[in-house]
Amino acid sequence: MSIGLLCCAALSLLWAGPVNAGVTQTPKFQVLKTGQSMTLQCAQDMNHEYMSWYRQDPGMGLRLIHYSVGAGITDQGEVPNGYNVSRSTTEDFPLRLLSAAPSQTSVYFCASSY
């Protein structure tokens with residue numbers, strides 16, 4: 001590949017502009033004291049039926065906490081203890097941490113798909 005073609009490809013990506021990810025997770029960062037509760041919000045605007053919450057602990061892969069296959073339908077994943085979820089609409093799937101423990105220090109991810 002020539003340098004000229006590579007530069008054009010890089011510039012094309014830069015000019016593409018921002019893209020809406022379709023899934024919004026808030027808050028981005030949160031620090032809790034042991035015993036505190038909190039809710040992580042997850043919203044998607046793509047009309048996806050499937051939504052899921054994952055956690056990734058240091059040195060480990062993603063582990064499924066809870067998932068949903070449609071509004072009003074939720075189920076437990078691999079590590080559901082200490083968490084509650086609800087799915088009153090297709091768009092929203094909040095994850096509630098009931099009582100923070102040091103073992104729940106993790107990176108949390110929400111995902112959606114068809």
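Placement of Cβ uses the backbone N, Cα and C atoms for every residue, glycine included.
The disulfide bond recorded by Swiss-Prot for Cys110 joins it to Cys42 [selected from Cys8, Cys42].
On its own chain, Cys42 (disulfide bond) has Val23, Thr24, Gln25, Met51, Trp53, Asp92, Phe93, Pro94, Leu95, Cys110, Ser112 as residues at least 6 apart in sequence with a Cβ closer than 8 Å to its own Cβ.
Summarising the environment of Cys110 (disulfide bond), the number of other Cβ atoms within 10 Å of its Cβ, over all protein chains shown, is 21.
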